[in-house]
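Colleague: To start, I am sharing the structure in question, which I have written as structure tokens.
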């Protein structure tokens, strides 16, 4: 029994073709939006590429860009088919291509669905990328005179100001690295010497943070240095005081920013996928309804359209049988080649003995 079997007359076939033509051009517009979203996400990721460890995060925008281009191409082609289906003479040239085209559409829609899922599930990979990238970026914060790293200080400062964050996972991350360049340290000072000697790696570590960690909305002047020293500040308790530094780490801030962006894009791609599936089903109904016309000379006659010629279960069984036949055919070919090789070997041996 055919799946989604529908009876059509000429009027219904014309309406279906016109509706599909319009839907295909809506899909082209949706493909342009998907392409634009991928391009926008790629630009946003490139803006912070200096604080990202690798290029894995660009898999999502690249996939969206590809899907957008394919959507425009597939739906533009389908729109032409739907338009020509109104004229039997024009539609005749498309008949041999429709089955392969529908198979490609199914493959494209499967890819589109997986791209939508990837938009939701790339959070873990993005988090590890940001964690390592920010860690490396903070290490190079002081290297303002080193070629290739001279802009890292500005990048980190602008990032912390824009996203209202501090450090990798929090402001205490700055306590574990030397973020003040040696050129700004007075090595004749006893305090500087003692701090460097007290550290195994000879680094100048302080319980302070860069100015970009300060919250300008705080009524109190920024406590940027000696953050953990209660006696260094009036009416201050490190344990209970609400610090006027940004509490949130930049990894969390960036992850939330990109995750919300990709989730919104994933939801939109899912809607596009549903729309594309409905277009594909409609195109299949149009294709079968035109092929099942009993009398081509009478365009007004009734016909039947369906999505699958047999039930879903029967179609799945026939697909498995076809795969088994292909497998057996390959085994027979391999066996025949082996037999030919053995015969050739025997012939060669006989020739050598003689």
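The backbone N, Cα and C atoms fix where each Cβ goes, and this holds for glycine too.
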Colleague: Looking at 62-81, 142-161, which one does TrEMBL call transmembrane segment?
Modeller: 62-81
Colleague: Using Cβ atoms and a strict cutoff of less than 8 Å, what residues sit near the transmembrane segment (101-122) while being 6 or more residues removed from its termini?
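Modeller: Answer is 57, 59-60, 63-64, 67, 70-71, 74, 77-78, 81, 262-263, 265-267, 269-270, 272-273, 276-277, 280, 283-284, 287.
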Colleague: Which sequence-distant residues neighbour the transmembrane segment (20-41)? Criterion: at least 6 residues beyond either end, Cβ under 8 Å.
Modeller: 60-72, 75-76, 78-79, 82-83, 261-262, 265, 268-269, 272, 275-276, 278-279, 282-283, 286
